[in-house]
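Have a look at the structure below before the remarks.
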Amino acid sequence: MSFEKFFNTAVSAWMSQEGPDSDIVLSSRIRLARNIVDFRFPTLFSSEEAMQIVALFERTFAYRSYGGAGRFELLKMSELQPIEKRVLVEKHLISPHLAEDSPFGACLLSENEEISIMINEEDHIRIQCLFPGLQLAEALEAASELDDWIEGHVNYAFDERLGYLTSCPTNVGTGLRASVMMHLPALVLTQQINRIIPAINQLGLVVRGTYGEGSEALGNIFQISNQLTLGKSEEDIIADLHTIVQQLIAQERAARQALVKTLGIQLEDKVFRSYGILANCRVIESKEAAQCLSDVRLGIDLGYIKNVSRNILNELMILTQPGFLQQYAGGALRPEERDVRRAALIRERLKMEERRKMEGDER
């Protein structure tokens with residue numbers, strides 16, 4: 001398979017589109033946790049009940065079209081190869097928990113990959129909508145419409161006083177988890193992030209790494225989400241998160257301008273050194289690749305680097321993960337082989353960018 005063909009089939013729509021404030025906010029995600037009446041929750045249900053739930057959703061929703069999202073495909077975890085599951089995690093379409101710890105887990109995935117419905121994870125279903133940039137309200141509207149459509153076919157576990165019943169007490173109520181993925185290199189470089197994270201946590205929000213709980217903030221990418229849902233409306237949860245995100249955007253932009261003033265040519269040098277490494281390296285580990293990609297993305301946003309797509313960070317942060325590298329290679333790779341393949345893939349992506357620029361100039 002040619003790189004261009006692999007790239008075009010591997011990249012989800014949200015990765016290659018730009019949304020509001022997409023210089024800092026990479027994506028907005030809404031997730032709704034729901035359970036079905038007459039079935040025990042996943043923490044207690046039997047294997048037979050788990051299979052019945054998968055069968056219910058396969059029978060009711062698989063291969064049906066939904067609006068502009070296209071048809072739903074049902075992916076059963078037991079039928080996927082480890083590399084295939086890893087790729088789904090790397091694209092943020094399923095959780096590591098569903099991939100690794102749910103033998104009767106499944107996922108309904110829309111054609112455009114903006115919608116995924118995890119089945120038999122921590123709850124019977126978890127509805128997820130992903131949008132580029134800062135679009136929490138739009139993502140909530142899309143998730144709510146999908147939720148209503150699903151509820152037209154199944155009965156949810158709902159309590160008049162408590163709201164939607166979920167396995168984890170922190171999700172009881174709306175069952176809503178809203179999150180944004182943010183690129184905050186200047187706040188990291190100026191070390192302001194060290195005081196900002198505890199302050200955000202005190203406001204009832206959670207700051208995590210790229211792949212959620214327990215993961216590292218590779219490439220200066222942070223995930224900010226709400227923690228509690230009981231006693232708050234969906235709109236209140238979104239508004240609270242949106243306010244904090246707007247403040248973070250303002251702080252990051254101010255920190256970037258401060259760095260330009262104080263570091264000047266040193267900052268520009270840092271950006272171009274990282275670009276040089278990515279364009280020419282033959283071996284690169286994931287941590288170094290993530291840091292270099294973050295530097296290059298910052299350079300694009302500051303206008304140092306021209307004619308390179310801003311979305312290169314979104315795309316390559318995912319395409320250079322182990323699952324994707326092995327999918328591109330067509331089989332399992334040892335860590336040192338992945339480092340060679342990662343370097344080659346990054347060089348190919350940058351060459352593709354150059355070809356697009358040349359074609360644009362010729363027109």
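One is the number of the first residue shown, and numbering goes on along the chain from there.
Placement of Cβ uses the backbone N, Cα and C atoms for every residue, glycine included.
If you check Swiss-Prot, you get these features:
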type    : residues                           : note
BINDING : 27-31, H92, R126, 177-181, 208-213 : ATP binding site
DOMAIN  : 24-255                             : domain 'Phosphagen kinase C-terminal'
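Locations of recorded Swiss-Prot features on the structure.
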{"residue": "I30", "record": "ATP binding site", "Cβ contacts under 8 Å, 6 or more apart": "Q128, C129, L136, A139, L140, A142, A143, L176, R177, A178"}
{"residue": "R126", "record": "ATP binding site", "Cβ contacts under 8 Å, 6 or more apart": "R31, L32, A33, R34, S95, I117, M118"}
{"residue": "S179", "record": "ATP binding site", "Cβ contacts under 8 Å, 6 or more apart": "S28, R29, R31, Q223, I224, S225, N226, L241"}
Checklist line | Where S27 (ATP binding site) falls in three-state DSSP terms | finding: strand
Check: If you draw a 10 Å sphere around the Cβ of R208 (ATP binding site), how many other Cβ atoms fall inside it, taking every protein chain shown into account?
Finding: 18
Margin query: Let's check the environment of S27 (ATP binding site): how many other CB atoms sit within 10 Å of its CB?
Written below: 24
Next item on the list: Let me know the DSSP-derived helix, strand or coil state of R126 (ATP binding site), please.
Entry: strand
